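Scroll down for the structure; my scribbles are underneath it.
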Amino acid sequence: MRFSIKMRASARVSSSPSTSDGSSGDHTESRDRADRHISGAERIVSASDIMQTVTELEHRAWTHSNGQPDDVVVSVHRVDEDEITHIPALTRETRHTHTVDDAHRTITEILRDAGIRTAEHALKALTRIRGMRGAMLLDADTGERRDTKDIRGVRVTALDNDMATGADAAEEMSSSAATKPYYCEALTLASKVQYHPAVCAELCISDDPDYTTGYVSTSGRYVRIENIKPMGSPQGGRVFLVRGTDDEIADCINYLENTAVIVHGIPWPPQDNHSAHRDEPDAFGAIPATDIATDLTTFAEQSLTAWENKGLRRYPLEFSSAPMPRTTVAGSDTLLFSSSNYLGLSEHPDVIAAATEALKHYGAGTGGSRLTTGNFTIHTSTERTLAEFTGYDDAVLFGTGYQANGAALATLATNIPEAPSTAPANTPGMTIFSDELNHASLIDGIRMATRGNAAVRIYPHKDTEHLENALAQCASPRKLIVSDGVFSMNGDIAPLPSIMRLARAHGSWVLIDDAHGTGTLGRTGRGIVEYWSDARRQDAGADSSPGEELPNDSDLQPDLLVVTASKALGSEGAAVCCSTPVAEFLRNRARGYVFSTSSAPASVAATQVAVATILREPERVHRLQDNSLYLRNQLREHGIPLVDGTSNSTPIIPIFIGDEADAVRISQGLSDRGFHVPGIRYPTVARGQAILRVTTMATHTRDDLDHLVDALRDLMPHSA
């Protein structure tokens, strides 16, 4: 169960505004109006978030740059889960227009391209709006108003977003209602509006005098338009262009005003000068300019306090033994169900011996980068080992998976070609297509890649139909599809055959981060490529669609496969597996490789021997897979719900809780019983979608798994 919270703030005025030419008009506020809109916002939250959300919305109302309100009204209404419609966010792009005239020309061109014959009329109507709280509905073909033609317009209500573009990045991308991130709110509203089939397009200008970026949206597409109005102008409004019968338009209005919608896949706002209110706290709990301390320590203390007040501060637990099933956490003996040491190789005697020998032979550190004095024999031999293990010609070692993803993505965005002259105006030279639940390291790498002539389009999670449409519409000469192999929160697997088929059809490169698949997927633990290769050889045990045509093994290989040593291999570091020319390109151009000290020989040697151990002891992989399937089956048998869509083949098992307070309570209850299972809640996952994230290891016994199920049955009231 969730609750819809709405805030409206207004100031009383003695007379109404008029149109810019001084005359009263059909598109302006009536002279009978007795108040001026200051601010409005809404959220859909779980019960545990109501009080904090109300406080944030009230703060926003009283600190808005539109002025001091006389009246602030906050309402709370219950919304049943089955009443909520879940939809994906529109695909996004930005037009860097430099003048108001340029912005208006761009809007007109976009509308004409979308088949809107009344583009100029719609834009003129938009620029004449003053004080209308809702949106004006205009017929896309005739320009006539299709709503009730009053001063209120159509109010789009009952909406929110989950603000999740990747599981581990969600916290970084979160923002309270008080911050009013215009881009995220606008994209949420536009996505809801465009979801109704009667809506052809939407135009929007914010009424905030300090915010000059507006947008136009058409069929599945959201385009930010910079400098849509002069700085300081109070002009603002919305126009929806619609087609349909009177009954269809009435249904559209009812949907816009009454249907509860949560939009998924809203990304982090673009980093420009117009993405946030001035003097308001940002997503990290920043302090208004008037309160910022002059010294760093005080600034940090204030920011931490703001972060803690939102319930977002974290404190790392101290582990004092190896990450084995039975370990010591914060001084207590604990049964560990949260480690990525999936195969138990971090404590394998052969792996430890290899690290020890390398430490003695090479020393503790390398003293240089790979291109200076840090390229040891163990580095090159381990790269060959990883390349052979994954079936590639070459591999390039990096210090961490985060570094590997960031360096690879930023490097692929060099020497970007210009779009052909036949492409639409402002087409970027490179477009990156990113799954909405990708890991933070991919998201940050894409941010670095899109600082130049590159853009990103975020597609709904594993939605290959949406991806295909986006690729078909893309005129960029360079395309790149980026996805996790195994998604770190839900434990589901990327549809690699479909991704590769689309990439070949549309001339796109592919990068897959197989951090959680390396050592865990496939009959010998070689990862996602082997997993899907196995799927064509046997019908059982693979998450493939019935009848899906699987290509041969070589066609399953992405251009770049990122593998990490810090999870199933029990060591640290990562590698980008690829062709030899691509590897040499990375060694010469990837800044994370060129300017970083090479990995410690002990870790690299441990990685090499871990791979050999997997090949020598394949039963470890099989035992991990058996444990994962057994625990999933036991949880389901006892009525403990798993997150929809999670795979049976990965060691990541997300247990659905929903309410954030329940997740904290159950996680603490497990801790009291000697288990370590973290509760994952907002902002790492969407509000009201809290989970317990369980991971299995090959070294867990069946008794370990059964004890966890018993504890969960005691703590979860609806389990059997």
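Using the three backbone atoms N, Cα and C, a Cβ is placed for every residue, glycine included.
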From SER381, SER488, SER596, SER598, the one annotated by Swiss-Prot with GLY401, TYR402, ASP513, ASP514, ALA515, HIS516, THR564, ALA565, SER566, LYS567 for pyridoxal 5'-phosphate: SER488
Winner by Cβ contact number (other Cβ atoms within 10 Å) across the recorded positions ARG314, HIS439, LYS567: LYS567
Max CA-CA distance, Å, over listed substrate-binding residues ARG314, HIS439, THR684: 19
Cβ neighbours of THR684 (substrate binding site) where a neighbour is any other Cβ within 10 Å: 23
Rounded Cα separation (Å) that holds between LYS567 (N6-(pyridoxal phosphate)lysine) and ARG314 (substrate binding site): 22
Conformational class of HIS439 (substrate binding site) under the three-state DSSP mapping: coil
